[in-house]
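Undergrad: What follows is a structure written as structure tokens; I'll ask about it next.
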Amino acid sequence: MLTSICKEYWQFILAQGVFGGICNGLIFSPALATVGHYFNKKRGAALGMVAVGSSIGGTIFPIVLQQSFYGRVGFGWGVRATAFVMLFLLAIACALIVERLPPRKGRIFAPEAFLQPSYILVLIGVFFLFWGLFLIFFFVSEYAMQDVHMGSSLSFYLLSIINGASLFGRMTFGILGDKVGFLSLLAFVGLINGIIVLCWTTATTNAGLIVWCIFFGFGSGGIFSLFPAAIVQVTSKPQYIGTYIGQGMVFFAIAGLTGSPISGAIVTKYGYLDGSLFAGVSLLVGFVFLVGARFAFQPSWTVKA
């Protein structure tokens, strides 16, 4: 709602950046932690279904907002309309999200978690995944118009294509994680995403870039659905799942906060190829740390981890 009445740049930063970021953090982490308490055997599939929600929103809202901004509705009421939809859906979510365990005195910080090598390596690995991942979300439309010479009306839909493909990736990798292990699969997904991002600038036609966006969306969906399950897997104290996830989200937020400006500066000064190299190498570094986390948690390849 506040974003709909913004006029100055600093107002958008305050409303959408600061307030929106705080609210997203308060919504996202409790939802993941609550689901983790209910499922032991098919936790990956459950977390994948939770993560699908943001993919649906990421597919629909950009299309709705574009039609609103360039139609009769305009910016203000376009944003307000989406805000009312979000308010309605969040009211339902708040009513349905109920803790399985009775309330207890919890801790907002669990320092003993940082004595676990597997937990530390997971945090570092996912940090590097997020450090490089968001470059595509911010610059894929701009790249399409500038280098591929795609029309603005089509390039705007690339983000919806990515999020639509991500929906299937989140569900698929969540289900697979229950079968092969979350740490192993997350490391593999990090490797695949690194390779895909390194190939970004090889897509030089409209059809090629659309196909590339589908592959990237599907692969990146695995990261979003698997990283909470990987944290839960290495949690030594299940009663503190929420604390372990919350601590991890602080590190991942820093990655998102710093990675996007750095990659943006690289793209602005050197071009999209160098930006893709930064993002792709970051993802591959994350893959290396996640492999280390997998072996720190379970040294044997024959045991699921």
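Using N, Cα and C of the backbone, Cβ positions are placed for all residues, glycine too.
Feature list, courtesy of TrEMBL:
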DOMAIN    118-305  domain 'Major facilitator superfamily (MFS) profile'
TRANSMEM  12-33  transmembrane segment
TRANSMEM  45-65  transmembrane segment
TRANSMEM  77-98  transmembrane segment
TRANSMEM  119-140  transmembrane segment
TRANSMEM  152-168  transmembrane segment
TRANSMEM  180-203  transmembrane segment
TRANSMEM  209-232  transmembrane segment
TRANSMEM  244-266  transmembrane segment
TRANSMEM  278-297  transmembrane segment
Undergrad: Flag the pair the transmembrane segment (45-65) / the transmembrane segment (244-266) as in contact if three or more Cβ pairs fall under 8 Å (sequence separation 6 or more).
TA: no
Undergrad: With the transmembrane segment (244-266) as the reference, which stretch in 12-33, 119-140, 152-168, 278-297 has the largest tally of C-beta pairs below 8 Å?
TA: 119-140
Undergrad: Could you give the residue numbers and ranges of same-chain residues that sit at least 6 residues beyond the transmembrane segment (278-297) on either side and whose C-beta is under 8 angstroms from one of its C-beta atoms?
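TA: Tertiary neighbours of the transmembrane segment (278-297) are 117-118, 121-122, 124-129, 131-133, 135-136, 181, 183-184, 186-187, 190-191, 193-195, 197-198, 200, 230, 233-234, 259, 262-263, 266, 305.
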